[in-house]
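Undergrad: Below: one structure in structure tokens.
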Amino acid sequence: MAAALLNYVSPVTNPSPEPTKRACGFYSQIPNLHSFSLSKGFTRVLACTQITVSAKDSVYTIPNWNSGKNNDPRFRDHKLNDAFLHLEYLVDKGHKPDVCQATKLLYDLCKANKMKKAVKVMEMMVGSGIIADAASYTYLVNSLCKRGNVGYAMQLVEKMEEYGYPTNTVTYNSLVRGLCLHGNLNQSLQLLDRLVRKGLVPNAFTYSFLLEAAYKERGADEAIKLLDDIIIKGWKPNLVSYNVLLTGLCKEGRTEEAIRLFRDLPPKGFHPNVVSYNILLRSLSHQGRWEEANELLAEMDSEERSPSIVTYNILIGSLALHGRTDEALKVLDEMIKGRFRLSATSYNPIIARLCREGKVDLVVKCLDQMIYRRCKPNEGTYNAVAMLCGVGKVQEAFSIIQSLGTKQNLSKRDFYKNVIASLCRKGNTYPAFQLLYEMTRYGFNPDSYTYSSLIRGLCLEGMLEEALEVFIILEEYEYRPDVDNFNALILGFCKSKRTNLALEVFEMMIEKGYMPNETTYTILVEGIAHEEEMDLSAKVLKELYLRQVVSQSTVERLVIHYDLENLQL
């Protein structure tokens, strides 16, 4: 079967044509979905309501959700939910929760991605007359923003301000960063004006978020213009802001302009640090401008700008990229003399280059040195070795990976699974198929996890038709795919914004007698949301909840993550 898979999946330079579209029967599985309105709209569903509690009420504690030795995630999740429900019950009865316990519960709910419950805990604390500390409030805002729920975070800030909680620059920075990460520069700038009107002073982090968003969305020139506006307004950027501009110019290949800006920093009152030097070094060395790179290195002589491990890794990566592996190895020796702690990250570019050149003996020698220096191989190492497959040395690559496996504290089966998965995650799916064939010759039997990794890898590389063909080959060899394999394919189609095809796979899954699980439905709802059909996504989610195929916690997570409109359960 591995041979059949290998013969079908060949390396391609362009994604395969889309599979021929069939009539989709997903809507027939859930009646009345065809009548859903596709009009889009966003609304915030976290409306904070103040709870009136008498100040004389006693403080009550809630059960300890961290007690016990059971490490089962589902058990811990259950206890966390119980603690939340107990807190909610106490507050409904007019009791005041213990501030330390409530704060800890808020943190743990954020860590468990239960953001709606975490916001509710904050509401209950405030409504009970408890003064939540600024750190927990900012942590909640930051957690919402990190998960893309900036709208909810902004509403929370507004409500907290209404309650009299002062908002500081750190809290606003979380909002600014959240908006910038999601490509909302204009909103970020409006938020900055609001921050200033409130009398808060933007800091270096505020500027760096805005400048980074500016060059990513509109180019380095726009970022430079923004910095000029910041200075005209009397605000004071620092070196971090200029380092962001250096990065933007270098990423656009405007190295000469970046050098001029770099040289203009001292007259502006800023002394370049190691980060500033690393930005220019990366650009110069990747362009093969070694003489200028060496001159820059010679300037790095003070404590504040002495070469770091990042500096050396930049040099190693650039030298290896240009085929100068001997010099890259000498840089490794310099790192040893400088008492830097080496890791596989420093060796991987050299190994990758040697593998591309098919120099197996030197690869083995380099790996032996790496192991001797106690550098543990990582995913990058396996992906580097897999490049031997590209020069027709598949058996040699397998032999090297097999020898690396003997040094790992894993069974051969688990090690092979991890290697295949890591290759597929990095877009090296065809070498993964080639190595899988060799692995099966030595007794490795691929399991559901391995096949799912291959399917995800093919989808990641845009080979959707090939991913679908894997199922045909598996069935020809009497291997019955499981729901996880189908979920991998559905997820791959959804991530490629081909949710229509994902729905067809769902139909095929039903026809073949497979029972979808909660993950299947969750992927589909998220796929519809990624197509920006929020109203449809919300209505599908509600219908699935009413049919008891998705849990309330899943509904809460999706509602708050995708800002789903008025989902009333």
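Glycine too: its Cβ is placed from the backbone N, Cα and C atoms.
Values in this document were obtained by computation on a predicted structure and should not be read as measured data.
According to TrEMBL, the protein has these features:
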- 133-167: repeat 'PPR' (REPEAT)
- 168-202: repeat 'PPR' (REPEAT)
- 203-237: repeat 'PPR' (REPEAT)
- 238-272: repeat 'PPR' (REPEAT)
- 273-307: repeat 'PPR' (REPEAT)
- 308-342: repeat 'PPR' (REPEAT)
- 343-377: repeat 'PPR' (REPEAT)
- 412-446: repeat 'PPR' (REPEAT)
- 447-481: repeat 'PPR' (REPEAT)
- 482-516: repeat 'PPR' (REPEAT)
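Could you place the listed features in the three-dimensional structure?
TA: Helix, strand and coil counts under DSSP for the repeat 'PPR' (133-167) come to 26 helix, 0 strand, 9 coil.
Listed by sequence, the residues of this chain that lie at least six past the ends of the repeat 'PPR' (168-202) yet keep a Cβ under 8 A from its Cβ atoms are 134, 137-138, 141-142, 144-146, 148, 150, 153-154, 157, 209-210, 212-214, 216-218, 235.
Beyond its flanks by at least six residues, the repeat 'PPR' (203-237) meets 169, 172-173, 176-177, 179-181, 183, 185, 188-189, 192, 195, 243-245, 247-249, 251-252, 254 of its own chain at Cβ-Cβ distances under 8 Å.
Helix, strand and coil counts under DSSP for the repeat 'PPR' (238-272) come to 25 helix, 0 strand, 10 coil.
Long-range Cβ contacts of the repeat 'PPR' (273-307) within its own chain (Cβ-Cβ under 8 Å, at least 6 residues beyond either end) map to 239, 242-243, 246-247, 250, 255, 258-259, 262, 265, 314-315, 318-319, 321-322, 338.
The residues of the repeat 'PPR' (308-342), classed with DSSP into helix (H, G, I), strand (E, B) and coil, number 26 helix, 0 strand, 9 coil.
Secondary structure counts, DSSP: the repeat 'PPR' (343-377) has 26 helix, 0 strand, 9 coil.
Residues in the repeat 'PPR' (412-446) partition by DSSP class (helix H, G, I; strand E, B; coil) as 27 helix, 0 strand, 8 coil.
Broken down by DSSP into helix, strand and coil, the repeat 'PPR' (447-481) contains 26 helix, 0 strand, 9 coil.
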Undergrad: With DSSP as the reference, give the number of residues of the repeat 'PPR' (273-307) in helix, strand and coil.
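TA: Its residues divide into 26 helix, 0 strand, 9 coil.
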Undergrad: So which residues does the repeat 'PPR' (308-342) touch in its own chain, when a touch means Cβ under 8 Å and the partner is 6 or more beyond its ends?
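TA: Same-chain residues near the repeat 'PPR' (308-342) but 6 or more away: 274, 277-278, 281-282, 285-286, 288, 293, 297, 300, 349-350, 352-354, 357, 362, 366, 370, 373, 375.
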Undergrad: With DSSP as the reference, give the number of residues of the repeat 'PPR' (203-237) in helix, strand and coil.
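TA: Its residues divide into 28 helix, 0 strand, 7 coil.
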